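S.K.: What follows is a single structure, and I will ask about it in a moment.
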Amino acid sequence: MKEEIPVLKGKTKKELEEICVSLGLEKYRAAQIYTGIYKSRYTTIDQFTTLSKEVREKLKEHTQYPEIEIGRDLVSKEDGTRKFTFYVGENKEIEAVWIPSGDGGRKTICISSQIGCTLNCKFCATGLLEYKGNLQTWQILDQVLQVERLVGDRATNIVFMGMGEPMHNYFSVMKAAHILRDKDAFGLGALRITISTAGVTTGINRFIENKEPFNFAISLNHPNPNARSSVMDVNDKHPLEKLIDSAKRFTKELDRAITFEYVMIPDVNMGRDNAERLAKIARSVNKCKINVIPLNTDFTGWRRPTDDEVKDFVMHLKAKTTAPILNRRSPGRDINGACGMLALKGIRSETTK
């Protein structure tokens, strides 16, 4: 979408003021447009009835109000999770997932930040795709707008854990996160928004320096500095030692816990030794939480751990650290909507819309 003709979605209030002034409109119109986009969730400019018809016509003539195009809508028979495929250009697809956990009414949308991914994490299907670029801020936010409209409900939490590496699209991701947080827009609390990374230390350090208020998660997945590269190629450029240093800096300077995500893979990163190494990292970082996730994908030749293997690993981990440990469930596995499965070809369920 060419910005020679400005796109209203994805803009901050200040940016909308600049657009209004450039069109000869009163500056206060920006606040009306802003709340109309993000709070009222209007799908067309004609719905902005707080604006005069003359103003609406001027906006339609000189600005754009696009939507990402809905493709597939798969519904899990197991837990009600829904995975949406959206088209953002010719041969460019992204996915977002609606996760109704049922835990105290928590409703999460997992959104994408890139078309494909710049990294190649061996357990993640997105890494198999050709990288086709960063998403613009409006395309990130429109995933939330579209999913909420399609499910007829509002999210309580947003996680940037879909397709792509958020730290490689830092500006657009953080801009979207701040709009999601704004009380005049989506109105989500900062700690209901989680930004994730596979371990891009430059992005983590920038996040710290900017004193960003959001939750932050690191996809760790191996506690051994040398072996981690065999699971995640990001470790070659951003070694585990520097990653842990950044995590320590995060907890010290921002004075809040960081989350480590750990995909459990038998014969790769499980067993007592790896549990003890992971616990040592947790102790050194001090303020952290650990989410352990059984491997979901099977294209790697690796297998999903058994329940007993998971229990054994978590038991050894708990014996060596006081950090909170969550055995994260994997909603949407039957529609390839769980962690690491985005971009895998799903089987349309009988409840597909």
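Quick reminder: no glycine exception, Cβ is built from N, Cα and C everywhere.
Pulled these from Swiss-Prot:
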- Glu95: active site, proton acceptor (ACT_SITE)
- Cys339: active site, S-methylcysteine intermediate (ACT_SITE)
- Cys117, Cys121, Cys124: [4Fe-4S] cluster binding site (BINDING)
- Gly164, Glu165, Ser196, Ser219, Leu220, Asn221, Asn296: S-adenosyl-L-methionine binding site (BINDING)
- Cys110-Cys339: disulfide bond (DISULFID)
- 103-333: domain 'Radical SAM core' (DOMAIN)
S.K.: Would you mind reading off the Cα separation of Cys110 (disulfide bond) from the residue listed as 'active site, proton acceptor', to the nearest angstrom?
M.R.: 9
S.K.: Mind checking which of Ser219, Asn296 has the fewest other CB atoms within 10 A of its CB? They're the binding-site residues.
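M.R.: If we count Cβ atoms within 10 Å for the binding-site residues Ser219, Asn296, the smallest count is at Asn296.
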S.K.: For Ser196 (S-adenosyl-L-methionine binding site), what is the tally of other C-beta atoms lying within 10 angstroms of its C-beta?
M.R.: 21
S.K.: Whole-number Å distance between the CA of Asn221 (S-adenosyl-L-methionine binding site) and the CA of Glu95 (active site, proton acceptor)?
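M.R.: Rounded to a whole number, the Cα-Cα distance is 23 Å.
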S.K.: Could you measure between Glu95 (active site, proton acceptor) and Gly164 (S-adenosyl-L-methionine binding site) for me? Cα positions, answer in whole angstrom.
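M.R.: Counting only the Cα atoms, the answer is 10 Å.
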S.K.: Residues with Cβ closer than 8 Å to the Cβ of Glu165 (S-adenosyl-L-methionine binding site), same chain and 6+ apart in sequence?
M.R.: Ser113, Gln114, Cys117, Thr118, Leu119, Thr197, Ala198, Val200, Val234
S.K.: Among Gly164, Glu165, Ser196, Ser219, Leu220, Asn221, Asn296, recorded S-adenosyl-L-methionine binders, what is the largest CA to CA distance in Å?
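M.R.: The span, Cα to Cα at its widest, is 19 Å.
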S.K.: Is it possible to get the count of other C-beta atoms within 10 angstroms of the C-beta of Gly164 (S-adenosyl-L-methionine binding site)?
M.R.: 28
S.K.: List, in sequence order, those binding-site residues among Ser196, Ser219, Leu220, Asn296 whose Cα sits within 10 Å of the Cα of Cys124 ([4Fe-4S] cluster binding site).
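M.R.: Within 10 Å Cα-Cα: Asn296.
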S.K.: Specify the count of other C-beta atoms within 10 Å of the C-beta of Glu95 (active site, proton acceptor).
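M.R.: Its Cβ shell of radius 10 Å holds 25 other Cβ atoms.
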S.K.: Could you state the CA-to-CA distance between Ser219 (S-adenosyl-L-methionine binding site) and Cys121 ([4Fe-4S] cluster binding site) to the nearest Å?
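M.R.: Rounded to a whole number, the Cα-Cα distance is 10 Å.
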S.K.: Can you tell me the CA-to-CA distance separating Asn296 (S-adenosyl-L-methionine binding site) and Cys121 ([4Fe-4S] cluster binding site), as a whole number of Å?
M.R.: 13
